[in-house]
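Some features that TrEMBL has for this protein:
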- 454-465: compositional bias 'Polar residues' (COMPBIAS)
- 466-501: compositional bias 'Acidic residues' (COMPBIAS)
- 502-516: compositional bias 'Basic and acidic residues' (COMPBIAS)
- 556-566: compositional bias 'Basic and acidic residues' (COMPBIAS)
- 567-583: compositional bias 'Low complexity' (COMPBIAS)
- 589-603: compositional bias 'Pro residues' (COMPBIAS)
- 635-649: compositional bias 'Basic residues' (COMPBIAS)
- 663-674: compositional bias 'Low complexity' (COMPBIAS)
- 684-708: compositional bias 'Low complexity' (COMPBIAS)
- 1-44: region 'Disordered' (REGION)
- 442-534: region 'Disordered' (REGION)
- 551-716: region 'Disordered' (REGION)
- 835-866: region 'Disordered' (REGION)
């Protein structure tokens, strides 16, 4: 039904307005100012005037037009200067945990996809194209394909393991009480936490270096950027390195192009500017000229996004280290932990094993064979056998990822019910929003005749639909349309300026030949032609001087260590690594263990033995704080004391298997106590209490000292050991109070304790028996509460994503736009930040206890192909348990 026409205006002035069914097209942020210049160019001109003009040194600027390299230098220098004055991004432990957990899951999922016959061929095809030289077909020799496969698997395992170390380190700091507010105080007062934090900072720096190496190697095979790189003539045999290729027109192109200058500076290590500063400039460059994104293929844009995420985490960790005190901490010598040294050893072993391709390379005569699951499983078995022959472990065990592929999906957020019953409407979900926003184009209003507006009205476009998605899709597609407007920043100079630049370019190239640009890097500054003061007006000489002596490895296989041999067996586990990377010599004999002082026997709780309480039992019962007055009341429940003691003594009558109780017996006692406590709780709160127990258990176990009575308990029964506990735990054991206050979150800031702690904690088996069915039921109810809340159009997108029975035919086989996928995630309660450079987009679920997830946005065409859509769907099912069966129940 068409909308009713509004009453006609009484104004008689002629106002240029469109008809009622025409809306003004909303344009994106202007790319140029009123003078026709880009925002970055305007800012750089102001900086240049302040540096060299009348407000600065007073030098005469010969060139009227600014080159891309000069603009990058001015912007980077200004940002570096401002970063020393401005307040850094504050430390946010929760955000750091989300970044580390999402990145670790991303690479673990990449390994899982490489094991899937549905995706393996497509992943390797994309990798082969990314590694091929521009203008040439990707080699299809079986040996070459096998090397690419082994390298891809090596890199994925290495990155997944490194991010897992970072995630575990952050969780350990959170367990020990580190928070956003007390991080500075903890670093000052606690040397142990300070050393662990600095080790974490060093590990993240290594991750940044690995991500930079990936971007550098991929840029050398990208059609647009490959011309700037060449293999150095002075490389060692077997270790080729890339240098800047300044010949022909490459030097002029690198100096003129703003985007190319940023990428070249990012690729080469030992740069003048911090990489985080360069990424901010890169983000601004892409934002003001979106068409330049097409120069980045999908694989390179994914690597740029991963580097951006690593730099974001590095910046967050640098905030507490800001200042003179933090700089002094960075210079302190420190030992790298055993986990890191094992990770370095794994690099060496994996490099050797990945070079062994003879036993499976013949399979890659045709990649189509890998669609067969048996064939693909055989390839993985052959590669695992190579790893076992080299180090005695398979890939999962070597990289300490044997548990990473077996986590249970978790979705614990419930959707708020809609007040309106119009759930079928596409706009029903907007009606409950606190701030109602509409993406529809505002119509031109009839203004008063006395009002004056010098600006022209916006362009008009006929809109015959009220669908918000169409507007979103149009805006998204417009970013990738060809931009025909001229680029003034890179346009040609006039005749006089062109002659001047030609002379300076010739001077720079002659100087590069005469001074031996590649090898003469050890000249003193006073005689180095690239660093002399009288030549600094030549931008080409300045560019050559900044890139001189900077090289990076051409090997696509990641490696961060300079060691060529792994540690010996005696050196492992000794925690004796030096800051330089080489482990210290392990002493032949360990120092004698001091005998602990005997603990005096003090009468305390109503217990029958003097054996000290085991630490696991303490943490299993001291989970909640109860009121003492409530505990002392109810004398009727004290009558259960005798039956309870008798039951426990008779059930554990058998003599111990060894003279001293072992660790498993203590864990079994703690598990039994936890079982009795958990059995009385309502099901919705069981998982929360388990996670709080496990999280509080982590920091306490290493701190507990061994009891001196463990060696003299041969005549004591295990039953007496189980009853040696505090009064608080004893009262809980005998059910002195049945109602307990259940904590809904752990005391520390760990976000993922519900999943990780149950997977690795002391009570994992008990929780699976007691709460497994209840948790599965709760997850289904939680998912269905969100599925039922989806709008009609989004429900169709969800059916297409999960491939339910309702999407059979063309809908299920078709592609999906990125905006449609974003609409699904938004209505499922996720939040995300698309502002980072590159394709990495992290989605945070509505419940912070659930895992975040990172996707690589399709690029340059923002369309999810059927294969990519299925990958997204499988990842969502593995992490959150979204399934077609659950969606079909609410349809």
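Yeah, the Cβs are placed from backbone N, Cα and C, and that goes for glycine too.
What TrEMBL says about a protein is an automatic prediction, not a curated fact.
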Problem set entry | Beyond the flanks of the region 'Disordered' (835-866) by at least 6 residues, Cβ under 8 Å | 94, 98-99, 101-103, 105-106, 279, 282-283, 286, 293-294, 296-298, 301-309, 312, 410-413, 476, 480, 691, 745, 751-755, 813-819, 821, 825, 828-829, 872, 875-876, 879-880
Exercise. So how many of the residues in the compositional bias 'Basic and acidic residues' (556-566) end up helix, strand or coil by DSSP?
Worked result: 0 helix, 0 strand, 11 coil
Exercise. What counts of helix, strand and coil residues does DSSP assign across the compositional bias 'Basic and acidic residues' (502-516)?
Worked result: 13 helix, 0 strand, 2 coil
Problem set entry | Residues in the region 'Disordered' (835-866) grouped by DSSP into helix, strand and remaining coil | 1 helix, 11 strand, 20 coil
